[in-house]
Every structure is written in C-alpha cells, then in structure tokens.
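Colleague: Sequence annotations record features per position, and here Swiss-Prot assigns N-linked glycosylation site to 61, 112, 126, 144, 166, 232. The topological domain 'Extracellular' annotation in Swiss-Prot covers 1-335, 396-402, 614-629. According to Swiss-Prot, the feature topological domain 'Cytoplasmic' maps to 357-374, 424-592, an assignment based on a curator's inference. Sequence annotations record features per position, and here Swiss-Prot assigns transmembrane segment to 336-356, 375-395, 403-423, 593-613 based on sequence analysis.
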C-alpha cells in the first residue's frame, strides 16, 4: 500500500475542503499506521491537521458510532474509511442507521472496487441529499511512485421517499511522495456548486403537510387539491392557499413529485398534531402552510424563509353615544385663553361705558346720546362684537371709536381662528373610539364575536398575557352559551357594519376582503381597529435535522429574488385597509351638534328663570309701593 501517497491525497483533500479534523478508520499494521502518521506530521501543505486513528480489527460492536468515535464541536469532521477492511460493512451500516451521512461529516471511502460493486454496497444505505461522501478508487500507476485517485461524488435524493443512489465521477488526482496534482475531470461537476448539481429531485415524492380550514377533510385528496389550486375567492383560506401555491412553484423548480398530507389545524398543542406535528415526527418533509416560529417549535423545527405575515385585529364602529362631548366647542382655545379673552371683553365693556358717560357729560349737546347706556348694556355690546354682532350705539368721540375699532379687530381675529379650528376638527375625520388596547376593550361594555379559526382558539388557550386573560373572563366566558359568539368572517363583518359598538375579531388576510366588499369608503374610515395579538411573521418550516434544509432555502430565495413571492403575496394576502377620506364629504353628526343644542337649551332655561325672577321682583316691588304710599 502506497501510504505516503495516500497521506498526501488525504491532506490535499482536507485543504481543498477547508477541514482541519479527521478520524481514520483503518486496519493497517502498526508500522503502516506510524508511516502514515509521520507523513501527517510532516505534510507537504503548511497546515496543522488534528487526526485520530481507529483500528477496526477487534471491534465487535459499532453501536453508538457517532457518540463513541465522532464526538466533536467542529462544523464538519472528516472521516476516512478503508473499504478493504473486513469490518467496513458493519461500520457503514451503523452509520446508515444513525443517519450520519450528512453535511456535518466529510466521508472519504477509499478502496479499489468498481463503481458497480460500490453501488451494490451502498445502494441500501440511508444517504441524504446533503451528504458529503466521496468514493475514492485508487490505482497504482506504472512507475510505482505515483498513485491515481479517482474521486466520485455520492448522494441520494432521499432513500425513504423513493430516491436512488447517485454515484458521479468528479475528478482524478495523481499523487507521488511529494505532491498531488489534479490530472483531469471525470464530469462537469466542478462547473456548479454542490446543490447546483443536486437540484433535480426527479426520483422522489416529497411529503408535504398542508392545512385546510374551510373544507372538510372527508373530501378526497383530488378535491382538496383542486380547492387549494383555485385562484378565485382569495379571502377563503387565503394563508393556506398562498403557501400551497408557493409549494407548487417549488415543485416545478425541483422537478419532483409531492404527496400532500392534509390536516384541519396547524397543531393541537405547540408541536403535537396538525401540519406542524407531522413535520416534528418526520411523517412529512415540509409544511406548505406557513406557521409561527415559536420557542417550543424551534426545538424541533428550522424556519428556512419568511413566507407570510400574521395579523389578527378587532374591528368595530364607534357607538353613537361614544362621541358626545360637551367641550367640542371649547377645544380650539385653552382655558387660560378663554379667561383672558373674557377679561379683555369685560375691560372693553367698562371702557365703553366710561366713553359713553364722558360723551353724555362733556360733549356738546348735539353730539350727545339720547340716553346713557348702562354698564350691562356696554358689556352686552362688547360680548356681541365677539360674536360678530353690530351695535346700535356708536361712540361720537375719536377715543371711543378707537375702542370700537380695537374691539372689532380682536373679535375678527379670534372668530376666524376659532371657526377654522372648529370646522377643520368637525370635517376632518369621524369620531374615533378611545379604545386602543385589548385591556381597554376587555373593560368596555361592547359585545364581542370571533372568527372560528384554530390558531385564534389556540392563542386564547395558551396566551400568558394578562389582558388576554381579562378578555377571556369578561368577553368569552360570559358568552359560553351564546351560539353567535363564533361567527364566520362574512357574518361577523356584516354585523359590525349594521351594529355600531359590535366588536369582531378576525384574521386580516381573509377578513379584509369582506370589509372592502361590504363597507363603503367612508365606512372604512369610520372603523376602529385594535390589535388582537402581537404581529408575527410566518415561516416555512422543515425538521431541524432535515437534509433538504439548504436546498429548499436556496430555491425559496430564488423565488424571492425573482419577484414571484411578492406577486403571490400581494394577490393572496390583504394586510391593510385603504381609507380615502379626501374623496368624499363627511357629514357632521349629532355627536357634534348635540352639545351645541344642549348649551342652547340650557341658555333658554336660564333666560326663562331670569325672566321669572325679574317678573317676581317687579311684582313684589309694585306691591310694596302700593302698601307704602
């Protein structure tokens, strides 16, 4: 055996693979092992390789192979196996049972078997598509100092789902005691990446877990597939159909077949049952329907790419009595401004009375007023000017007219600013409810209905948020006997439209379509929206140890880069309601006018009371004069 040349080949292979740790399973004699190790200690490449020798002779049981011989913390560990040894068959079978022909181990299987003999040996082994296995056939050349090593790439698209062993020649190396050279390529593998050469899964049938919530599972598989394949009524099971169409694109890219496993929920608990449970227990290879990446699920699954967005909201129209506000006409100015404005008007009223008094006493008779107005009359003139009212009394003096000019100028400025603020506030947007959080909603008196979705029920059962517990206690437990607590999306949206104050909880990707169908543009702007649960992303999941992880990730990234994903998402998923309030006239409702009418009624009552007091006082005063002449 040409051990020096073999050591040089192994070292060169490790350098090309960027690996610094190797375990060598062999059946050499002690002096041969020493010779091989000495060549490793004085390598032709300036690198340090950690190596460990395992003598296969005398090993009777290869159980717990990975734990006993391959414990490491490196990204990849190289493993050399001498196929000519008698114990090789048992070792390779145990590696197949433990499923360690994967990307974490760089296998070098060295022997002189023909490709057909190697195929018969490895054909029954569980080798994965991400396997890094090389079969190396050595052949001593004529000069006896150089050895040719033909390297073959070995992988399987999936033994348990119909895949066949693939052995493809890669290249040939020629090694002498000093150096190794690549002499020729045996195929075109070097032109593409590892997964570029393995992207065609033509011989396997992938098992895909799919959720269907809007059709009974008693239907045949063909009927369910036909439903998921339809492109109309995008609001019905939109998330499941969105994921299904992405999976069909993946199928076309991989040129494979798929067997769909249908379920009516994502999971019964976090990782048990449903489509998620099928991937966890490895009865499915992939989830077509995106799901949440929770902490519990990530112990068993890997999220390979974002393929969705989850948003549940509570919508309701503002109740008619919720917008009644007594201070709507006082809002343009703060209390301090109102006090100062009233003080200025009072001061001007006093100045006007002084002006009229001086004019009556000091001016010439022809310029005098017929009578001296009272202080109350001048106050009335001042406050009337603030309301853009004229006056029948006009000062004759220049000073008095300057006071009038200042009064009307101040009133004009204040009035225009006041009316602009009031009108803009009344005509800008309708009254919105003050309910902005789930806690406020739970503490309100509003009636609640929910869309009967599996993940909504699961969230109510497993959420640890205190506001959700309060919501369940106040809104759910009190309606356990109410058959209308759980309503389909269409009925729930219609009830929101017809009953202001009714709250409906639904998933936006499907529910928004009904809102856009049954609500006018103005009614959409009137809606209040409260986030039912934190917004979360949906991911396509594989099992944590899936051998298809990297291949599927690359294919999904390709779908994302080409814009196909964005096109599908915009078609299937509705994430936002569009309010175009500037395109229509908003009517001012009673919620704004009622405070004004209330103030007018109160003023009328006050006037009547004052009138009655004045009449009573006059009557009393008249009687008093009659009895005391």
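Positions of Cβ are set from backbone N, Cα and C atoms, glycine also.
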Colleague: Would you kindly give the Cα-Cα distance separating residue 232 (N-linked glycosylation site) and residue 61 (N-linked glycosylation site), rounded to the nearest Å?
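Modeller: Cα-Cα distance, residue 61 (N-linked glycosylation site) to residue 232 (N-linked glycosylation site): 60 Å.
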Colleague: Of 112, 166, which of the glycosylation sites has the most Cβ neighbours inside 10 Å?
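Modeller: Result for the most crowded candidate: 166.
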Colleague: Please report the distance from the Cα of residue 112 (N-linked glycosylation site) to the Cα of residue 232 (N-linked glycosylation site), rounded to the nearest angstrom.
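Modeller: Spelling it out, the Cα of residue 112 (N-linked glycosylation site) and the Cα of residue 232 (N-linked glycosylation site) are 60 Å apart.
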Colleague: Just name the most isolated of the glycosylation sites 61, 126, 232, going by other Cβ atoms within 10 Å of its Cβ.
Modeller: 232
Colleague: How many helix, strand and coil residues does the topological domain 'Extracellular' (396-402) contain under DSSP?
Modeller: 5 helix, 0 strand, 2 coil
Colleague: Fill in the CA-CA distance, residue 166 (N-linked glycosylation site) to residue 232 (N-linked glycosylation site), as an integer in Å.
Modeller: 42
Colleague: Just to verify a number: CA distance, residue 232 (N-linked glycosylation site) to residue 126 (N-linked glycosylation site), in angstrom, no decimals.
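Modeller: So the Cα of residue 126 (N-linked glycosylation site) lies 43 Å away from that of residue 232 (N-linked glycosylation site).
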Colleague: Just to confirm my parser: what is the rounded mean pLDDT across the topological domain 'Extracellular' (1-335)?
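Modeller: 86, rounded to a whole number.
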Colleague: When DSSP states are folded down to helix, strand and coil, where does residue 166 (N-linked glycosylation site) land?
Modeller: strand
